Structure formats: C-alpha cells, structure tokens
Amino acid sequence: MKALQASIAYSFPISSPAASPRRFSRVIRAQADPSDKSMEVMRKFSEQFCRKSDTYFCVDKSVTAVVIKGLADHRDTLGAPLCPCRHYDDKEAEAKQGFWNCPCVPMRERKECHCMLFLTPDNDFAGKEQTITLDEIREVTSNM
C-alpha cells in the first residue's frame with residue numbers, strides 16, 4: 001500500500017472594493033510515494049553509476065536519499081528518471097527529450113551533477129561511500 005501525502009493550496013484574490021466577493025475552494029493534492037520497485041532500481045543504478053564513473057555519494061546521505069526518491073518518483077510518473085532538482089515547464093516533454101534524464105548530459109560529458117548525487121573525489125561534499133540501503137532512503141524520506 002502506498003502512503004499518501006496531502007498538501008493544501010490556498011488562493012487569495014486581489015480585488016478592488018467594487019469587485020463582487022468570490023468563493024474560493026481549497027485544492028487538496030494527493031501524492032503517492034514511488035513504488036518499491038522503482039526505488040530499488042534507482043538505488044542500484046546510482047550505486048553502479050558511482051562505481052562506473054568513479055564518483056561518490058554526498059557525505060550527507062540525506063541528499064542522496066532525497067534525490068534517489070525523486071528519480072524513482074519520476075520513473076513511476078513520467079517513465080524516465082528525470083532530474084528531480086530542476087524546474088521544468090513541461091516535465092513530460094523534458095523526459096521524452098532526455099537531456100535531463102539521469103545521468104544527465106552534463107554528468108556524462110563533464111561529471112557535473114547538479115543534484116549532488118554523483119560527486120567527484122575532489123568535491124568538498126563528496127563522501128567515501130558508493131552504497132546506500134533502501135532502509136536508509138526510507139528512513140530519511142519517511143516524513144517528506
């Protein structure tokens with residue numbers, strides 16, 4: 001069973017005194033956590049890519065956990081591991097285009113990871129680990 005998270009969006013009109021009063025309703029958005037399968041696929045992918053590219057996870061494992069969860073969510077919702085650390089006007093179009101799908105083009109070409117998922121050994125934030133467990137990811141992201 002997937003856990004649901006709800007967020008409430010409020011809208012407040014800016015009106016002139018002559019404007020008639022309007023009713024605004026609350027909008028509640030539910031968001032399911034990524035599937036266990038996608039979480040495991042993205043966790044394994046991240047570990048393998050670290051080894052292959054001689055990069056390391058961030059010394060703060062919560063950064064790694066949040067990014068992997070974001071990639072898994074995009075894998076479920078968009079069908080591709082679109083970088084979760086960027087803003088997109090049209091996520092579906094970006095996922096199809098592929099430039100920002102993990103590993104993104106800047107990472108593949110220059111070893112530059114905007115998300116801080118894959119860090120070169122000389123990066124001040126690079127840890128010494130290339131592994132993370134599913135339990136670590138769940139623990140860090142459980143209240144998000």
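First residue shown is number 1, and so on along the chain.
Placement of Cβ uses the backbone N, Cα and C atoms for every residue, glycine included.
Remember, it's a predicted structure, so these values are computed and weren't measured experimentally.
Taken from Swiss-Prot, the feature transit peptide applies to 1-31.
In sequence order, Leu71, Trp100, Asn101, Cys102, Cys104, His114, Cys115 are the residues of the chain that are 6 or more apart from Cys83 ([4Fe-4S] cluster binding site) and have a CB within less than 8 Å of its CB. Look at Swiss-Prot and you will find Cys83, Cys102, Cys104, Cys113 tagged as [4Fe-4S] cluster binding site.
A coil conformation is recorded for Cys85 (disulfide bond) in the three-state DSSP classification, outside any helix or strand. As annotated by Swiss-Prot, disulfide bond applies to Cys85-Cys115.
Annotation for Cys85 (disulfide bond): spatial neighbours Val67, Gly70, His114, Cys115, criterion Cβ-Cβ under 8 Å with sequence separation of six or more. According to Swiss-Prot, the active site, nucleophile annotation covers Cys85.
His114 (site 'Increases the nucleophilicity of the active site Cys') carries neither a helix nor a strand DSSP state and counts as coil. Residues or ranges marked as site 'Increases the nucleophilicity of the active site Cys' in Swiss-Prot (evidence: similarity to another entry): His114.
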**Long-range Cβ environment of Cys113 ([4Fe-4S] cluster binding site), under 8 Å and at least 6 residues apart** = Thr55, Pro103, Cys104, Pro106, Met107, Leu119
**Request:** Give the sequence-ordered set of same-chain residues, not counting Cys83, Cys102, Cys104, Cys113, with Cβ within 8 Å of the centre of the Cβ atoms defining the [4Fe-4S] cluster site.
**Result:** Cys85, Trp100, Asn101, Pro103, Pro106, Met107, His114, Cys115, Leu117, Phe118
**Request:** Could you check the binding-site residues Cys102, Cys104 and say which one's CB has the fewest neighbouring CB atoms inside 10 Å?
**Result:** Cys104
